[in-house]
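Inspection log for the structure reproduced underneath, given as structure tokens.
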Amino acid sequence: MATLAMSTPSSPTWPKRRPKAWAMRCERYCCAAASYFPLAFVYSLTTWAVYVEASVGLKPSSSSWIGLPSSILGVVLYLALNISYTTAVFTDPGSPLGARSGGGHPYSALPITELPEYTSYTVNSTGGSRFCKKCQCPKPDRAHHCSTCKRCVLKMDHHCPWLATCVGLRNYKAFLLFLIYTSLFCWVDFGVSAIWIWTEVFNDTRYMDGILPVNVVLLSILGGIIGLVLTGFTAWHISLATRGLTTIECLEKTRYVSPLRKALDRHRYDGLLGTNTGGENQDTFGSRLQNYGNQILDAHANAIPGVTRPEEGEESSDNLTPAQQALSRSYADLERQREHDRYEDYLAELDNEKMPHAFDLGWKRNLLHLFGDRPLHWLVPTPTTTGNGWEWEPSRKFLEAQERVRQQREQVAEQQRQHQRDLYLRNMNNSRAWLGNELPPGWTPDQPLSHSDDVARPATGVSMKTLAPRSPRPRPGEEVYAEDLDKDDFVLEPTRGKGSGNQSSREDDWRDWD
């Protein structure tokens with residue numbers, strides 16, 4: 001039996017199919033080559049354009065607008081746009097991940113530096129702190145995750161396919177300069193080629209046999225079309241830069257943090273029944289002891305993140321799970337709380353739509369943030385943008401609007417609490433009206449009721465005897481009944497021996513009547 005037990009067949013193990021190394025390497029090379037195709041296209045197209053434009057300017061022409069100055073201007077714009085393009089492509093836009101340790105160590109994905117402290121003015125769709133689950137890092141304001149680059153980008157504007165990278169905090173200045181220089185270069189090429197075609201081709205046919213007229217016509221067509229489209233795109237980005245906006249912030253709705261959500265939660269649990277009234281004495285021993293305890297908690301809040309306070313980058317959850325809430329609260333209370341939360345979210349959405357842009361500091365300060373403090377570096381595509389991408393200064397209009405919304409919401413909440421307090425007091429007065437007295441003047445709903453002064457229940461003037469049914473015939477023992485017996489003595493005289501039986505029968509009749 002032992003032999004049979006030891007000889008039980010085991011399940012066959014199939015060999016794992018591993019992808020071939022050469023196939024993965026080939027796929028990686030193909031993706032890298034495809035990502036460099038936009039770069040090769042831009043470099044080749046601009047090189048051909050400057051060659052045709054310079055050739056037209058260097059040839060003798062009857063127009064005073066075409067000559068050596070036009071060729072020099074075209075070459076300068078060509079160099080400026082290509083330098084800006086190269087800088088925008090190969091400059092890291094910035095990421096909240098920072099420098100991570102490489103290698104195949106199991107802990108290589110952990111950060112080696114502490115993330116900087118920052119104040120966030122934007123939240124996610126649920127109202128919590130913004131956290132990237134793919135990068136496993138908190139997202140500061142204006143940072144977004146790019147699915148193409150597979151990482152979060154600081155002050156992300158958009159992912160440009162012609163740059164094969166994201167446009168963010170560090171390379172947005174070079175990208176904007178590239179748009180400006182390219183638009184000017186396209187209009188210069190269009191102007192030079194159009195003037196040359198008008199003055200040379202239509203009036204003289206000596207250039208019709210060469211290849212130059214074909215290139216000039218193509219240059220004028222491409223320069224006009226690309227210049228028209230790119231100029232509008234450039235003007236739009238300049239307007240975004242002056243307003244302190246990004247493409248994502250302009251096209252998508254930004255959800256800002258509610259200015260009074262924590263205050264509403266505090267007032268909801270502390271002052272719903274009048275415990276936080278203005279006339280309460282705050283100098284009592286209990287109040288001072290509670291303040292000392294709150295100070296100790298605040299001092300040790302950062303000691304154990306995630307326990308004494310919500311950890312940064314994580315959404316704070318309720319203290320009780322839905323199952324625990326269902327056990328401790330009734331369905332009506334839970335439904336009432338859900339309705340209240342939905343109404344609060346609706347009000348937050350309305351307030352969020354009325355809020356101005358939080359980071360619009362004025363067109364001067366916005367451009368200084370983008371191009372830097374040194375005027376000599378404004379036209380050079382060097383990364384002179386100020387800020388680290390984590391801390392953003394809010395605008396004065398945003399803070400004023402936030403304070404105004406906070407005051408309005410707190411006023412409405414105070415009116416609701418006062419209405420609930422008045423309704424509660426009215427119900428208590430109605431419930432104690434049968435006692436013949438009212439509630440004490442200084443009594444509040446949070447104080448216990450005193451039953452020492454309860455009075456006895458007043459008489460109503462109605463007894464159970466009054467409500468009991470009465471027989472139309474007199475009962476035994478009543479005066480009317482005795483008079484009837486005296487009158488009927490002559491009738492009962494012959495049957496005196498049976499009187500006891502008759503009396504018992506009469507009592508039985510009365511018992512049956514009752």
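Each residue, glycine too, has its Cβ placed from N, Cα and C.
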If you check the topology given in Swiss-Prot, are GLU27 and GLU200 found on the same side of the membrane?
-> no
Return yes if the transmembrane segment (65-85) and the transmembrane segment (32-52) have at least 3 CB pairs under 8 Å (sequence gap of 6 or more), otherwise no.
-> yes
Take the topological domain 'Lumenal' (53-64) and find every residue of the same chain, 6 or more past its ends, with a Cβ under 8 Å from one of its Cβ atoms.
-> 70-71, 74-75, 188-189, 192-193, 195-196, 199-200, 203, 212, 215-216, 219
